[in-house]
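J.: One structure coming up, written as structure tokens, with questions to follow.
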Amino acid sequence: MKGIQIERVQAMIEQLADYGRNADGSITRPSYGPAYLAAQEWLAEVMGQAGMEVTRDAVGNLTGTYAGQEEALPAVMTGSHLDTVPNGGRLDGALGIVAAIECVRSWQEAGWRPLRPVKVLATIEEEGSIFGLGCFGARVMAGEFAGSNPDDLQDKHGRRLSEFLSDQGLPPSALVDAVIDSSRYHSFLELHIEQGEELDLKQKPFALVTDIVGIDRHWITLSGQANHAGTTRMDRRRDALVAAACLIQQVYEAAIASNGGYVATIGTLTVSPGATNVIPGVVELRVETRAADNGRLEAAHTHLAALLEAVGRRYGVKGVISKRHTTPAMQLPEGVLQELRLAVEAAGFPPAEEMPSWAGHDAKILAEHIPSGMIFVPSIKGISHAREEETYWEAAAQGIEVLNQALKRLACQRETLGTGGK
């Protein structure tokens, strides 16, 4: 039995990267685009060669099913996302799909058949680059949009989801048709690059994920008074941008003071009227906080609101949180985590590092409905969403072998693992 062949994984990663590769080596593969559809066709061919029956659901999620001895049993599912951010790397999402295919292909070569069916999933639009909503494909599978109108989702150019679907010959009823019956799934595993530098700094080959952080996004408006930049004395100004600058610094310092309890990012800033000789009257910004603990997330929100009020008083501006969108933190189920620990042991490796994920993943969405787990492999220097995205292939080989052992364990169990993680 040859088992997992990391050279084959590397070759598949390079082939997949050809779909959307830019001149500088980065990858741009947006969902529903020509490069994405070509990548889907290639993946479907590779899945078929590995003995899988390939289907595409109503929104474009691709699934390869490797038949089990007892097809009536709920399936084990594994995989990740096929889309990339603009000018992204070749491993984000892709490694989880390719690793899963390699596991199944090694079984086919050995003539091994699991008890349960095993499904390899390549989700669509995880990055949220088109509709501004992360994990879209997984959310549709989970039924989050079952009552929604596909015309309500639009890209930045006003193009509706229904138009994207129509171009692919997919039905307008996709948001209902693509919902899965979670009772038909035993478990879900996702292998992914860490997208941080903890494993690299600690020189660990892989980690098991315990939690996936909550994300709290705030849309904030600071309203002062636009006025002449020359004739308005400094002590009489109500400068919204100065107030915003103060708020940004205080949010940053508060996150540092949390000693790793949460992170905070201010990634967008719009200044109005936006002229050199006019004092800024209105500033709109977005603050995102992330924490593995929901209590910590709520405390960060409360502190942000207090900072906003204090900054408003200091600079004579009005600060308002006009919109808030919160995705709670998710603790992955202990039953799946224990299976992963046993898989590490079965692979002959010492006990694994265990850590939370500070990035969102499809596994977080699916864990609400299916017992789910994650395996991380290193991101060199913590770089992701960039062309320099890379891993240590020796370490990746170990992580993939843990995935292989875990899938075999889960796919040969008769008992269920209970409900999704909470």
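Each residue, glycine too, has its Cβ placed from N, Cα and C.
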J.: Quick check on the annotation: TrEMBL has Asp92, Glu127 binding Zn(2+) 2, so which of His369, His385 does it put in that site too?
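T.: Given Asp92, Glu127 bind Zn(2+) 2 in TrEMBL, the matching entry from His369, His385 is His385.
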J.: Can you match one of His81, His218 to the Zn(2+) 1 site that TrEMBL gives for Asp92, His192?
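T.: It is His81, as the record lists it for that site.
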J.: Counting only residues 6+ apart in the same chain, whose Cβ is under 8 Å from the Cβ of Arg217 (allantoate binding site)?
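T.: Set apart from Arg217 (allantoate binding site) by at least 6 residues yet with Cβ under 8 Å, we have Arg286, Val287, Glu288, Arg324, His325, Thr326.
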J.: Reduced to three states, what secondary structure does DSSP give Glu127 (Zn(2+) 2 binding site)?
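T.: Once the DSSP labels are grouped into three classes, Glu127 (Zn(2+) 2 binding site) ends up as coil.
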